[in-house]
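Working notes, beginning with the structure itself.
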Amino acid sequence: SRLGGPWLLGLLARLLLWGSPGAWASYLRRSSSCMPIPHRMALCYDIGYSEMRIPNLLEHETMTEVIQQSSSWLPLLARECHPDARIFLCSLFAPICLDRLIYPCRSLCEAVKRSCAPVMACYGYPWPEILNCNKFPADHELCIAAVSMDENSSSRRMPRASCKDCELEEASTAREILESLCANDFAVKIRILRKNTTTTTISDFDLDPSKVEVLKHGPLLRSEIPARLQQWLDIDATCAHNIMRGTHAGVFVVSGEAQSDKVVVNKAYAWQKRNRNLHQAVRRWKHHRCPEQAG
């Protein structure tokens with residue numbers, strides 16, 4: 001099997017120190033089987049190892065059931081509520097094919113739950129009992145620990161729970177669009193590109209840096225806007241998916257709020273020929289005075 005990832009190498013090192021699995025390994029080989037992780041299992045395909053045990057740790061007995069049940073977690077993963085959420089879920093849905101069952105550590109479960117449960121609550125879903133963290137072993141036992149230990153690491157992008165998903169707006173009237181631009185901290189015309197055409201990665205959108213037109217920078221520096229918007233695409237993949245609507249590239253006028261550590265997009269309009277109101281609003285924007293300016 002192809003192995004990869006520092007978390008997996010660390011786990012294997014701990015297994016070597018743990019000693020021989022003995023009779024338990026013999027029982028495990030009789031009661032379960034190793035199977036390749038299929039490409040259709042988007043949650044765990046290419047996670048760092050290529051084979052998993054069936055039945056898994058959630059007692060799913062067929063690959064069809066595993067694929068069906070695991071796919072329901074993809075929307076949460078798209079929210080990137082915790083950098084270790086995928087490792088945690090895959091340790092249960094697609095347990096690594098070793099001589100003993102390896103559960104996620106309780107601390108890993110608690111960290112993922114702390115960040116992801118509020119996002120699930122936005123959509124009316126409680127943290128499921130099947131993922132009760134008290135069921136998992138303490139850290140001093142053999143288990144899969146958290147990978148993202150550095151709180152200051154850029155990989156620990158923890159979006160605040162938000163019950164509002166951005167959607168592509170209809171360009172109603174030029175006046176309403178101008179009022180929206182005035183109400184937001186920043187407004188930018190950008191081009192977004194899809195990195196790939198598969199569902200095996202979550203953050204799969206790029207900002208075209210050569211196609212960034214700043215209409216309003218507000219508290220942001222013009223030079224930092226491209227990086228901030230790319231961070232937004234990385235963090236809020238759900239919002240990007242909603243805006244792109246299955247297309248591979250598109251030009252949009254987006255506006256939103258500048259927070260201390262990120263930007264949040266509140267409004268997005270597709271830049272198309274038929275959106276005459278949007279074109280008119282952008283032309284008028286250069287000479288437009290917002291109410292607070294006029295006062």
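Using N, Cα and C of the backbone, Cβ positions are placed for all residues, glycine too.
When you check TrEMBL, the disulphide partner of C90 from the set C34, C44, C143 turns out to be C44. Candidates considered were C109, C116, C122; TrEMBL assigns the disulfide partner of C133 as C109. For the domain 'FZ' (29-146), the DSSP counts in helix, strand and coil order read 49 helix, 11 strand, 58 coil.
Helix, strand and coil content of the domain 'NTR' (163-290), in residues and according to DSSP, is 45 helix, 36 strand, 47 coil. Around the Cβ of C44 (disulfide bond), the number of neighbouring Cβ atoms within 10 Å comes to 25.
In the predicted model, the domain 'FZ' (29-146) shows an average pLDDT of 89.
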